[in-house]
Amino acid sequence: MAICFLLHIFLLLLLTPTNANLEGDALYALRRAVNDPDNVLQNWDPTLVDPCTWFHVTCDSQNRVTRLDLGNAKLSGNLVPELGKLERLQYLELYMNNLVGSIPAEIGSLKSLVSLDLYHNNLTGTIPPSISKLSNLRFLRLNWNRLTGRVPRELINLANLKIIDVSNNDLCGYIPISGSFSKFTEESFKNNPRLEGPELMGFVRYDAGGCN
């Protein structure tokens, strides 16, 4: 009976994917979704046990991915929802590329994220309210894209947020001024022609104003 039990546990371990495998699969999904003219992702080999030996990937002592450094890498294509599986990711650096499409809502699953740098791309769609779940987030830079819609009011709950830059997009509505947003200047929101300025608490509703 004991031998059968141990054999059962052993088979379960064989059939259960490790965190490293899941994270490797998530990163490889990104590789498949982008064009890489300079072959900066050339050694991203899905047959390896974990992605910690891949270029531009940093891991912790438990072989969990903590950084993805692909700024200014001439990548084009889409972000993928699988990125949300990188549970210990602290730095997502994909700035100054030619990424298109929307920011996946699954980014809100990256509970360890400290820095989200997606500036200078061609991202469209809205800023996902799920970003408000990133309680450790300190740096949020989404400037120089083509994002539309409102600045999600849920973001005022990001108590650790030190820098936000959503300038040079096509955002609309009013700028929240409460919570963590009380310390940010209008410089963080400039060059959004349809953004009507700070909300006036008690006078102008956050959801007032044209924002189609």
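Numbers run from 1 along the shown chain.
Glycine residues also receive a Cβ, built from the backbone N, Cα and C atoms like all the rest.
Features reported for this protein in TrEMBL:
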| type | residues | note |
| --- | --- | --- |
| DOMAIN | 21-60 | domain 'Leucine-rich repeat-containing N-terminal plant-type' |
| DOMAIN | 68-166 | domain 'Disease resistance R13L4/SHOC-2-like LRR' |
| SIGNAL | 1-20 | signal peptide |
Residue distribution over DSSP helix, strand and coil in the domain 'Disease resistance R13L4/SHOC-2-like LRR' (68-166): 20 helix, 25 strand, 54 coil
Structural state census, the domain 'Leucine-rich repeat-containing N-terminal plant-type' (21-60) (DSSP three-state): 16 helix, 5 strand, 19 coil
Model confidence over the domain 'Disease resistance R13L4/SHOC-2-like LRR' (68-166) (mean pLDDT, whole number): 98
